[in-house]
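Trainee: Straight out of TrEMBL:
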TRANSMEM  B:21-45  transmembrane segment
TRANSMEM  B:148-175  transmembrane segment
TRANSMEM  B:196-222  transmembrane segment
TRANSMEM  B:347-367  transmembrane segment
TRANSMEM  B:387-408  transmembrane segment
TRANSMEM  B:420-439  transmembrane segment
TRANSMEM  B:451-468  transmembrane segment
TRANSMEM  B:480-499  transmembrane segment
């Protein structure tokens, strides 16, 4: 509970600690997974566009995303404002997925 | 440690890492304990199989069967018992499993059995053993539908990775710890030291084994790339990546070509090596396919180099080598599997796997002791739940495992669904020991009582193996049955260690004397 209390003082917001904790945990679980998903999807499309064999591109981008996943998850606890954490992980994930869809349409 | 890394790991970051580290451990510690313990057992799954399946202790075989056509096909026909076989496969004997394992899918259900390397069918083994119970419990919790077990295990594994990384950040004084173990003085201190010591010394293995574990099933638990480039069709991805091949039944009957020339051709393509598994898909059909996998014992990579043959003509249909990235993926997976032939490394995998259990267990114990200081000797429901989970997932899990092995030697051979009775007993006794832990937790979980149970059960297993199979350690040495001897020795060591621990714990003073009187450190 120490970390939650500390970030509470830093943020100085009215949001109850329980809600803030829930926001951090969901950002760490779902936000980070969404971000990793976007990274794996976009990386696969990018690799395919660059001429990699599809199976190679999928494997390479998934391995990269797997390394990023636990770090992104912990970052959701380290970032001073949980809203920033959600914006970067959730927003980044959505952007990456959109970019991969776009790359999929452009690609062969 | 340079000044730069000192700045990188600021006190605020270390404080922020404490919360996820603590609560990931407290909430998922029990599950991770199960995964690490069963994974450690899985390293020696074949040896546990020999112990639990006495009928398969037929002595070591030098090579596989001389002729698949003469040894395997009659056994398949006998197992089919007149039903039409759709697909079947045989795992060929090797150094660690001196028997063939056959699995059939017929029109009316599945059948399976073991046979000696010359094709003599053995009576049903009546147990799932290490390979079919402990090992799948490690990676799928036996929850197969929708890969739900994979998802749960991988979720816990990512939490384990996050726990390892955050642990390093919180700790951030790795080198001092090589020399720090204060076993004198306070119990809580030595718990923390032990937690840090295991975490630091075995950190490379723990990181490797956790990440490679997820890597094996990565296309299933992170199918983003498969979704993007293969339209979500995992099977098509695997066909492409691993060189797999499949085709539907044609409906036209046709006989199977001889298998022995196919094995010879596969050997030629591999440039040496031994066949490990032979699959026949669409058996008896004009579209039948034979797949031959290479044995893994001569390299790290989990690349089984499958060769696909047309089952009617015997011509090679597909033999595709993976690209560099997929080959890397196979090596990472192979590091986790440890199927390579290397006995000292196998023992190290077991010991390091158990050190993971120690890391998780000491973490939970440290939390319990620290909370006790914060809340006093009258623990609340939360503390008691964690205490019961900690006890149920350590000594309770050992009790359930050993009870299953004892039941394996006690249950008569003929009872119906014998293997399911064993599994049922495992889970009932596990639940029972968790309930016992919950009920008996006052100031401490009933460690001493459960350790006594572990000691008695482990000793009983050795005795029961002797009584029911006549295989005592001296005979095992004489007949060079190292698998059974090894399991017996580990059981005996477990019995001695658990007995000593239980005696020590029974003599331990109450916690108010040992820890609460000395609230001096940074609690």
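Backbone N, Cα and C define each Cβ position, glycine as well.
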Trainee: Cβ under 8 Å, sequence separation of at least 6 from the ends of the transmembrane segment (B:387-408): give me the contacting residues as numbers and ranges.
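Mentor: For the transmembrane segment (B:387-408), the far contacts come to 29-31, 33-34, 37, 41, 51-52, 127, 133-134, 357, 361, 364-365, 368, 379, 421-423, 425-427, 429-430, 433-434, 436-438, 441, 444-447, 450-451, 453-454, 457-458, 460-461, 464, 491, 494, 498.
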Trainee: Quick one: do the transmembrane segment (B:347-367) and the transmembrane segment (B:480-499) have at least 3 Cβ pairs under 8 Å, skipping pairs fewer than 6 apart in sequence?
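Mentor: In this chain the transmembrane segment (B:347-367) does not contact the transmembrane segment (B:480-499) - fewer than 3 Cβ pairs sit under 8 Å.
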Trainee: Short question: most Cβ pairs under 8 Å with the transmembrane segment (B:21-45), which of B:148-175, B:420-439, B:480-499?
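Mentor: Counting Cβ pairs under 8 Å, the winner is B:148-175.
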Trainee: What residues in the same chain, six or more past the boundaries of the transmembrane segment (B:480-499), come closer than 8 Å to it by Cβ-Cβ distance?
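Mentor: Tertiary neighbours of the transmembrane segment (B:480-499) are 44, 46-48, 50-51, 57, 59-60, 96, 398, 402, 405, 451-452, 454-456, 458-459, 461-462, 465, 471, 473.
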